[in-house]
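Everything on this sheet refers to the single structure shown next.
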Number of protein chains: 2
Amino acid sequence: MAEVGYNVAILGATGAVGTRLIQQLEQSNVPVKSIKLLASTRSAGKTLQFKQKDIVVEATTPESFDGIDLVLASGGGSVSKKFAPEAVKRGAVVVDNSSFWRMNDQVPLVVPEVNEDALYQHHGIIANPNCSTIQMVVALAPIKQQFGLKRVIVSTYQAASGAGQTAWQELMTQSQAYINGEEMTADILPVKGDKQHYPLAFNLLPQIDVFEDYGYTHEEWKMIHETKKIMFGDKNTKAIKVTATAVRVPVPIGHGETVYFETESGTQATAAGIQKALATADGVVLQDDPAHQVYPQPINAEGKRETFVGRVRPDVENDDSFHMWVVSDNLLKGAAWNTVQIAERLVALNLVRVPKDASALFPTEA
Amino acid sequence: MAEVGYNVAILGATGAVGTRLIQQLEQSNVPVKSIKLLASTRSAGKTLQFKQKDIVVEATTPESFDGIDLVLASGGGSVSKKFAPEAVKRGAVVVDNSSFWRMNDQVPLVVPEVNEDALYQHHGIIANPNCSTIQMVVALAPIKQQFGLKRVIVSTYQAASGAGQTAWQELMTQSQAYINGEEMTADILPVKGDKQHYPLAFNLLPQIDVFEDYGYTHEEWKMIHETKKIMFGDKNTKAIKVTATAVRVPVPIGHGETVYFETESGTQATAAGIQKALATADGVVLQDDPAHQVYPQPINAEGKRETFVGRVRPDVENDDSFHMWVVSDNLLKGAAWNTVQIAERLVALNLVRVPKDASALFPTEA
């Protein structure tokens with residue numbers, strides 16, 4: 001068999017997620033014929049490595065995508081808005097880690113363990129969901145499959161790195177200042193583009209992304225709409241009720257979530273049955289042994305691709321209602337690994353090709 | 001008018017809560033005739049100050065309570081089990097910060113803003129609730145009063161100091177080690193007396209206190225039963241359903257809580273109506289202005305007596321259901337201030353006296 005492989009470009013290669021995209025791609029079974037690392041003009045010229053080979057980062061232009069088969073994008077919403085159509089027009093399939101394309105009806109929003117089949121409907125762009133959504137739906141999917149799912153109430157404990165490398169660095173700088181008894185400065189968190197900035201170190205910030213309708217943040221709406229789209233194929237479905245509170249905590253890597261959920265009545269769900277379903281589920285590691293103080297912790301999830309679930313137990317006063325505690329590396333399953341995993345599945349399903357109707361995707365941009 | 005005042009003893013005076021009991025008592029309107037500071041043999045001999053006067057800490061014996069009118073106790077469960085009856089037998093009223101007496105039917109469990117009237121039923125001991133329960137019921141009380149309350153689902157974000165001064169110190173030592181790239185050692189958290197210890201710095205620990213029935217921790221059961229007893233007078237009432245997940249976060253002082261609640265149907269509760277009720281409630285400060293990024297943060301609550309509430313908003317898919325975010329200084333309203341506040345109310349209501357039927361309280365200990 002002749003050597004086959006894809007010409008791959010990584011867009012936003014120098015960020016916290018971008019560097020992990022390179023690493024996850026190295027460790028994947030995507031056959032890479034050539035690799036191109038793209039970033040903003042500011043980051044162009046930096047040298048990074050792919051499989052021990054130096055690669056100079058290039059500034060992104062529309063022509064950067066000539067001859068490219070597959071783009072893994074993590075450059076942010078405005079970058080993906082601008083360049084994903086340019087890449088698709090040139091015949092590349094884009095797996096996009098930004099939020100820009102996620103709610104587009106023509107764009108599959110995919111977590112392979114949950115809705116791999118949605119990949120067959122792609123028109124050139126596949127969206128990678130929000131980090132806090134991904135780990136939750138990985139844990140909920142086997143429960144839904146066996147017991148049905150009517151309602152979810154989630155509270156998040158989200159790591160600083162979810163807001164990027166500079167937010168993560170800010171947490172560490174503030175932490176040292178606090179320990180030294182010095183004043184903490186805040187320029188990035190809770191939201192870089194918002195008006196006020198507050199210290200995260202040794203503190204809690206109940207704001208992730210900007211505020212929108214009904215007093216919910218954009219992050220909270222993402223969790224609601226993305227969960228519905230991934231699990232039920234419709235961002236506005238009434239088949240499941242989802243509500244969320246998103247809180248930033250002083251942790252560098254690894255999101256935690258308390259997930260309260262209600263199964264379909266009549267399915268006789270029990271905590272033991274849910275644990276059993278989770279124990280054999282794809283991408284899930286059940287860490288649930290209270291007698292031995294075994295439960296998921298961010299510090300143990302860092303660098304791992306799996307979603308860790310524990311503290312599974314019933315609400316003793318409400319039928320068919322349960323708690324669980326879900327932790328995952330927000331930069332891997334929450335971003336880089338899920339993106340590369342989508343690429344692996346596209347390769348396996350022979351879907352690294354732009355269909356003829358791709359231009360329907362971006363009528364205004366075309 | 002002749003000088004009146006009480007002979008007060010502080011039990012467990014050297015701990016994180018004990019030192020704050022001294023400070024809160026200094027700033028209270030409890031008339032103090034004399035003060036005695038009591039602790040374990042290990043801490044006896046230390047010198048602390050009360051109103052700028054040096055006081056030598058004494059080792060606690062039953063006779064320590066001779067001539068004492070009022071005891072503020074924060075020495076832990078076994079200390080209160082042993083010494084509270086000794087104090088009451090000698091005519092002292094005990095306000096106890098430990099969990100030992102809280103579920104005793106003869107012991108009022110009091111948050112003055114919520115159930116001050118329960119003080120009239122005391123038999124010599126009044127229990128101070130668990131820190132995470134106190135701030136939650138302060139926020140829920142005005143909502144219950146105006147709109148009724150059927151159901152509560154809470155996730156906590158609890159500070160290290162809730163586990164005492166040594167846990168707080170451990171967080172700070174671990175934080176510096178992490179920043180230095182050194183290994184973190186853990187000897188106290190999550191639970192000093194439990195088998196395994198894990199680092200809290202830059203991590204999350206979904207265990208507070210030991211594991212009990214149904215996979216719930218003792219802390220989670222406390223929140224369930226104490227909330228029922230304080231708000232409905234019965235730790236097992238079915239009038240309200242309460243369930244909880246308690247998580248320790250790397251914050252020194254100030255617990256956060258995402259509180260999801262359901263009001264009585266037909267009361268036409270709205271987020272605006274709830275905000276209005278909270279804005280004028282005793283002990284509550286409403287900090288809820290998303291447009292200006294105003295919401296409670298532990299760093300701003302430290303050293304304050306109030307409970308701070310924000311992020312009030314509806315669950316848009318479930319009737320009569322709402323979210324709020326509650327923050328308070330766990331060492332003040334969660335412990336020292338609530339204890340001293342109870343003492344203030346006992347004084348105001350002329351209840352600093354042991355009733356004749358006190359011995360009914362501890363038939364086995366007597």
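Positions of Cβ are set from backbone N, Cα and C atoms, glycine also.
Automatic prediction, not curation, is the source of TrEMBL annotations.
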Recorded NADP(+) site member, picked from B:Asn300, B:Asn318, B:Asn330, that accompanies B:Thr14, B:Gly15, B:Ala16, B:Val17, B:Arg42, B:Ser43, B:Ser161, B:Gly162 in TrEMBL: B:Asn330
Neighbour count (Cβ, 10 Å) for B:Arg248 (substrate binding site): 27
Where the record names B:Thr14, B:Gly15, B:Ala16, B:Val17, B:Arg42, B:Ser43, B:Ser161, B:Gly162, B:Asn330 as binding NADP(+), the maximum Cα to Cα distance in Å: 25
Helix, strand or coil at B:Asn330 (NADP(+) binding site) [DSSP, three-state]: coil
Least surrounded among the binding-site residues, given as B:Ser161, B:Asn330, when other CB atoms within 10 Å are counted: B:Ser161
Candidate binding-site residues B:Arg42, B:Arg102, B:Gln158, B:Ser161, B:Asn330, pick with smallest Cα gap to B:Cys131 (active site, acyl-thioester intermediate): B:Asn330
For B:Arg102 (phosphate binding site), nearby residues of its own chain (Cβ under 8 Å, 6 or more apart in sequence): B:Leu109, B:Ala127, B:Pro129, B:Asn130, B:Lys222, B:Glu226, B:Lys229
Among B:Arg42, B:His255 [recorded positions], residue with fewest other Cβ within 10 Å: B:Arg42
